[in-house]
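Colleague: In case it helps, Swiss-Prot gives these features for our protein:
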BINDING   ASP55, CYS56, PRO57, GLY58, HIS59, ASN110, LYS111, GLU112, ASP113  GTP binding site
DOMAIN    1-189  domain 'tr-type G'
Amino acid sequence: TLTAAITMALSTISGKQGKKYDDIDSAPEEKARGITINTAHVEYETETRHYAHVDCPGHADYVKNMITGAAQMDGAILVVSGADGPMPQTKEHLLLAKQVGVPSIVVFLNKEDQVDDEELLELVELEVREMLDNYDFPGDDTPIITGSALLALQALTDTTDAIGRGSNPWVDKILTLMDNVDEYIPTPERETEKPFLMAVEDVFSITGRGTVATGRVERGGIKIGDTVEIVGLKETRSTTVTGLKMFQKMLQESIAGDNVGMLLRGIQKTDIQRGMVIAQPGSITPHVSFEAQVYVLTKEEGGRHTPFLSGYRPQFYVRTTDVTGKVESLKSDEDKSEMKMVVPGDRVTMSVELVQPIAIEKG
């Protein structure tokens, strides 16, 4: 709802087409439960910036999909109900945002229209600030904007006239939210100088043209005609980029931070899948084993309730894929002594054997 309100509010100012709520929750399973399952991408512009906006799920059973969306963010808008206060998944979202490196957050307290008591809204705000502090975000400095996405959206859909600043209080609150996002979330430093890399999010075929892989360019840049390697899960393959497309526009080149579709020469749909990476030749290699320094989250932090031993086989999330791995050895982070068992809260160095090769590099 907020995503739709933002795109429509900004479109009335810029004169561009906004996205209606029904257009954002587009997959059939999303409609069935009235919730956002897969991350949906929209774009919009403020006076100073162009945004690619990922609408992340707010439901605990879709955390896996949120990971694939959150791993791409330069900043986030955390939506909390002003009427109900933070939910259990609010903590999950903050923990996840911290873990995947979302640098800055702006908070939107939604459903302000359902709160009669001003003090109640202030209490919710205090609770949110405390929660931000608990997850190492600056609670005191984080902008918190109140409003009602639904009432703003109704105001925007009920009229055919352009709604400018000052003509509707609920729409103004959405514009104030985006002013704060513009000011508070720093412009990211793009990794354009590094070797090109894009994690594959999705793959589809275009009849008569070939296979297209989509994803966000993590670093470097790519031009039509460049040679790239497809790395991970299967044998590494070399191919040539024959087309680039972003938000329905054909491009000659693309750089870090862009969400693009990439047409690849001589590649079948079966040759490439989500979880692989497309990279500058020789810049990254596939691995089936690695060593990692790990902090095992406690139950209170949203982690495990029980200890685990060597031989434990968890899922490892890397970029856009999850792959099973076997924990081969465990050593104490302090004195490097061999550990038989790891308890939530421990810091350990673990050696892991993966069931499939994936493109990883030293962190």
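Just so it is clear, glycine is given a Cβ too, placed from its N, Cα and C backbone atoms.
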Colleague: Quick check on the binding-site residues: of ASP55, ASP113, whose CB has the lowest count of neighbouring CB atoms inside 10 Å?
Modeller: ASP113
Colleague: What is the pLDDT of the domain 'tr-type G' (1-189) when averaged and given as a whole number?
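Modeller: Taking every residue in the domain 'tr-type G' (1-189) and averaging pLDDT yields 77.
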